[in-house]
């Protein structure tokens, strides 16, 4: 039988370590590599010109690599659901391959395409290559819910076998076996569009700082590793001023577009570490950024509302302000805080900022100063940030705005002090906000405090040439700490005076930390065995979500049984997501029993409430409930607002669980009636 | 058997399962209430059941379906029902009840066999559905009505307002219960504008109803307003209509920006005075970030001096030290007070520690700098000592939002502070003084410090602050060894230990990968530094 393959490029824009592409080539008579984009949609979508440029460059690079193998990239205009039926017929396609997309939107789209292919009798092969691990496996190992703390995630990952080894790039030989004749009108029909065709105006467009493409990515990977060798402390490199600028060894945009395989990076780091550190097992912290990416992918994969507050079971409901003017000032770098404005300018011009810079602007927009929803900030990043992944972007914004993952909210980055700590001279600011270039170091982070004569001498009068600070940071951080405290106290049912104790900690942290044993025992890990691993690739594939999908019903990962843990403060409880606040505790469970904190020892009532734990008997809680029923006075411990509910919640959680069990019985019984 | 007809009406299986499950449970609940009315344990159990149902906001589904009350509209339709009980009850329920009683007698077991085979014919489906429902109802129907008022009240107290509103449509008794004063003692008005908030607001019709029918029942009231001036004004409009109520608790809470500060002061004051004058027994008042002023505090004192226990008024710029002194002088029952540093005076502390005054429990002071380089007054050690003598167990909570050079007057002498929060960068020097002069310190949070490690300061704090049980460090630096030493000295009394990963500087003894072990060992529980995503 003739096998005509189509490989559909989406996120993994590369020829190395591309298992789905290998599948396409495997025994095929003809292979065509397609990329589908809708120029009409492109202009309208919330993606900025820098990101488009990066993508188009990546496609150019892919095309030129394919040319070297006597093949080409087919860029097809349109929507996948419209394009594929046409291609299937026109090219007489029998096999379609693509990489597994773990994001909810992608899963839905792919499900539809698989079904469509089925109708046309086209075999579909999906392979996991955008993430290190099989995310569903991680979720399964965490009792079928995604881990909500990074520590927990690391613990689980350390128990997994190592990620699948990367595959080699496809070769001329492989390609020759399934050579497809390229028509003369290929460039007419399937060329890579220009930015103009996508509706962007390119006159005066500054040169790109980041160039997309696999070749560029591999080049950078080499430099990245060279640099690592010279860094004395491999695990922990402190922030240097220079790292605020786009680095020639930065990789994050390339990981985002799949120009670089995360597994290639993983194994390169690993081998480098073992070479330098004489064959000892690398700590997980070596793979920091890769694991964070994986963490957020895992958290998002079954949560279609991961990018919003409303209806998102892991997101704390915070009464953010809606303030379009303030948002615009932030997005356009007109806040009057040079540190914030320089970062936003760099982001707009170059499409990349250092992760500490991201923390600074994200904190400023949300819980730190402006009290504007993280969703707005996420959208701005989505437009401008080259490495903005849907999952990672939303997840990081939730993290930094303390909307999820149980963060201490007192860590607020000061828009003056944090910048000064990071770059004491302020040269970073002078680079991106040239109008401030003549300010002395002392005032560069707070020009509004400079004497007027100095402002004039520096040719930049605050309020005229550069905006005044849009907000009084001291005042706004005072307000915002109070607001956050209010929200979190409601969440944790804590009414004491401690600020730190108002943040609930999550039970899963109580898991024993990974030990050296658990790390080493996690897989065929010792250096001696590394060469042998090549053969083990086959078995690694098995748990790796790579599934041929012959049946029409099976989307790669059916997720009808979506059960994300739910943290909704107050009454927004959607019956379809059973709340599982039960996993939350105020304190990490102690290894041995602890006396109650002195902070709450001064009044009898506050001590009973303040040190209340899940472990206490329900009897005690009932007593409290009845006392609460007397509607005692509003005190620091009990706000008038719904004190009843909050006192009740704890009890509720337990009983709800009982309830659920009963319900199952009741249901069965009910159906029998 | 005939599941098809049910699924026909209920959109999905999930829906169906909910219905079946809940109906059955309610039946049990009612039974237990019926037979064990005297047994409070069973009652509690029953109530928990109902409350759990209600929490999933499925109560109204159940009730609606049990009673076949027709499609449920939004809040508006509920309120038109609720405000017109006579019409509502006469028109629908008695008739339906009667009809069902009749049918019940007539049709008995018949539909049990009949319904299943009816296939696609809509008419048959419809009828069989109705029959089924009536059959299912027959057990509990009477008992629903029999629920005594006090039990209903008990149950209703656990239901969210919306579910109570739905429930109030069920029958006359439930409708009456809905309006019982006990259910309207506590209310939280949420005032949000669609343009400035993502959250829902309390429905205007509901507000009207409350003012009309329940304003004299209100006792514990709070207003949550978003950042818009309109919301703050709406809150004050409601306040000024509460003429015949006697509030015990009033909280004005701005959830985003201090919007009460943006409205005309006179409007705010007059609304607030209405409450002060009419409520003779206010005990708790939370009015942070509002334009309250001295004269209005005088009105408060004149009417509520015997009952006032809690007053929170951080950042109220129109109040003077004399104004707050007047409150402290006259309200001898005051136990909790929150205010800004500029209102704090030696006289105030002396007044609070006078013999006539009850023990103070909490004093919260916000130290905020309005303009850089501001000079702050000092409080005498003798005043703090008097305070400590009078209320030996009181908590002093201090939040600092100062520039580094403004700390001059602070921590020079011993101060009985228990909870300290530094919102901005604070110097090593000041933290050193904290270690010397804050023996009662329980919690310390330092958001930022310079680039020099805080090693000696932390060790000193561990030595001198023997009650310290919580510490949080943000943008600071501490060497790993010093940190381990600190934790070792404090031991397991450190219940809260929140340290950013970047704070810890690896040294010759500990690296970042092993410090959590060392610290966990001394704490007696698993500990990790806080981390931020590398992104």
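Even glycines carry a Cβ here, placed using N, Cα and C.
Over in TrEMBL, the protein carries these features:
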BINDING   A:289, A:290, A:291, A:292, A:293, A:294, A:295, A:296, A:387, A:388, A:389  FAD binding site
COMPBIAS  A:516-525  compositional bias 'Polar residues'
COMPBIAS  A:544-555  compositional bias 'Polar residues'
COMPBIAS  A:588-609  compositional bias 'Low complexity'
COMPBIAS  A:611-628  compositional bias 'Basic residues'
COMPBIAS  A:641-665  compositional bias 'Acidic residues'
DOMAIN    A:3-132  domain 'Photolyase/cryptochrome alpha/beta'
REGION    A:509-673  region 'Disordered'
SITE      A:320  site 'Electron transfer via tryptophanyl radical'
SITE      A:374  site 'Electron transfer via tryptophanyl radical'
SITE      A:397  site 'Electron transfer via tryptophanyl radical'
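Known features from TrEMBL, placed on the structure.
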residue : record                                            : DSSP class
A:289   : FAD binding site                                  : helix
A:295   : FAD binding site                                  : helix
A:320   : site 'Electron transfer via tryptophanyl radical' : coil
A:374   : site 'Electron transfer via tryptophanyl radical' : helix
A:387   : FAD binding site                                  : coil
A:397   : site 'Electron transfer via tryptophanyl radical' : helix
Candidate binding-site residues A:289, A:291, A:293, A:295, A:389, pick with smallest Cα gap to residue A:320 (site 'Electron transfer via tryptophanyl radical'):
A:389
If we take A:289, A:291, A:320, A:374, A:397 as the recorded positions, which have a Cβ under 8 Å from chain B?
A:289, A:320
Between residue A:291 (FAD binding site) and residue A:397 (site 'Electron transfer via tryptophanyl radical'), how far is it from one CA atom to the other, in Å?
17
For the domain 'Photolyase/cryptochrome alpha/beta' (A:3-132), what is the mean per-residue pLDDT, to the nearest integer?
92
Could you give me the DSSP helix, strand and coil counts for the domain 'Photolyase/cryptochrome alpha/beta' (A:3-132)?
61 helix, 29 strand, 40 coil
Any idea what the Cα distance is from residue A:389 (FAD binding site) over to residue A:374 (site 'Electron transfer via tryptophanyl radical'), rounded to a whole Å?
15
Between residue A:374 (site 'Electron transfer via tryptophanyl radical') and residue A:289 (FAD binding site), how many Å separate their Cα atoms?
21
Residue A:289 (FAD binding site) has how many other Cβ neighbours within 10 Å of its own Cβ?
17
For residue A:387 (FAD binding site): intrachain residues, at least 6 apart, with Cβ closer than 8 Å:
A:252, A:253, A:255, A:256, A:352
Does anything in the same chain, at least 6 positions from residue A:397 (site 'Electron transfer via tryptophanyl radical'), have a Cβ under 8 Å from its Cβ, and if so what?
A:362, A:366, A:374, A:375, A:377, A:378, A:381, A:403
Give me the non-local Cβ neighbours of residue A:295 (FAD binding site): same chain, 6+ apart in sequence, Cβ-Cβ under 8 Å, ordered along the sequence.
A:147, A:150, A:153, A:395
